[in-house]
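Peer 1: The structure under discussion is supplied below as structure tokens; questions concerning it will follow.
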């Protein structure tokens with residue numbers, strides 16, 4: 001459990017509360033969560049971030065009406081810069097998207113522009129939005145995360161409480177440049193305790209990390225309560241501090257909820273995330 005779970009900044013969130021659904025456009029439905037809530041305890045300072053990155057969202061349930069009242073549907077991609085002041089709370093994002101359902105827009109660009117402006121305002125930072133016609137996705141294959149999977153190790157695990165100490169003294173003198181993948185990442189919503197299922201890709205250059213220790217560390221998130229974006233930043237920070245790689249990129253792709261999936265990445269190197277859907281997305 002995160003020590004800031006009862007922070008006053010979270011008191012007004014609709015998350016975990018019974019809410020009404022609006023079908024007329026309403027940007028005020030969006031709610032922000034200050035990134036400082038988890039960054040301050042990790043000694044991550046906004047003016048000197050140890051990484052760059054983004055929170056990549058996919059909007060699968062986006063619809064509105066054109067000027068003649070005919071429903072339009074799209075799949076949207078959103079990239080929220082990790083340098084933004086706030087992350088966007090996912091339930092409020094879903095409620096906000098629902099408010100487009102019975103609203104008439106003149107053009108697709110009007111919809112894209114409204115989304116980008118509203119999300120940028122909520123995040124207080126740079127946000128980009130792209131809308132895709134369904135045909136664009138009809139030929140998109142399911143793609144695996146590139147890297148060596150560490151999940152099939154013959155080990156016993158009996159601890160599911162978060163423990164960063166698994167990464168302490170877990171490196172060898174050998175310097176490697178490798179990419180490791182696990183599909184066993186599971187954490188829980190900070191407010192509702194609902195499970196969040198994800199896959200994580202870790203690329204690093206530095207002292208070789210013991211794979212058993214890394215897997216135990218990732219599995220220890222199983223009873224941990226934090227938002228997706230916060231978990232990725234915690235993984236990045238713990239590996240940097242305890243394993244001391246020269247270069248590091250952490251990229252997680254989570255399963256969707258409420259028609260949205262969240263795919264955060266953080267890196268201190270030149271890194272371009274793979275944007276293909278995984279089998280669970």
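The chain as shown is numbered from 1 upward.
Yeah, the Cβs are placed from backbone N, Cα and C, and that goes for glycine too.
TrEMBL: automatically predicted annotations, no manual curation.
The domain 'NADPH-dependent 7-cyano-7-deazaguanine reductase N-terminal' feature in TrEMBL is assigned to 21-131. Look at TrEMBL and you will find 88, 89, 90, 228, 229 tagged as substrate binding site. For 90, 91, 257, 258, the entry in TrEMBL reads NADPH binding site. The active site, thioimide intermediate annotation in TrEMBL covers 189. Per TrEMBL, the feature active site, proton donor maps to 196.
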Peer 1: Rounded to an integer, what is the Cα-Cα distance in Å between residue 91 (NADPH binding site) and the residue listed as 'active site, thioimide intermediate'?
Peer 2: 11
Peer 1: Using the alpha carbons only, what distance in Å do you get between residue 90 (substrate binding site) and residue 258 (NADPH binding site) once rounded?
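Peer 2: Their Cα atoms are separated by 8 Å.
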Peer 1: With Cβ-Cβ distance below 8 Å and at least 6 positions apart along the chain, what are the contacts of residue 258 (NADPH binding site)? List them in sequence order.
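Peer 2: Those within reach of residue 258 (NADPH binding site), by Cβ under 8 Å and sequence separation of 6 or more, are 61, 90, 91, 94.
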Peer 1: Where does residue 90 (substrate binding site) sit in the DSSP three-state scheme?
Peer 2: helix
Peer 1: Kindly state the mean pLDDT of the domain 'NADPH-dependent 7-cyano-7-deazaguanine reductase N-terminal' (21-131) in the predicted structure.
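Peer 2: That stretch averages a pLDDT of 97.
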Peer 1: If you pair up every Cα among 88, 89, 90, 228, 229, the residues annotated as binding substrate, what's the maximum separation in angstrom, rounded to an integer?
Peer 2: 11
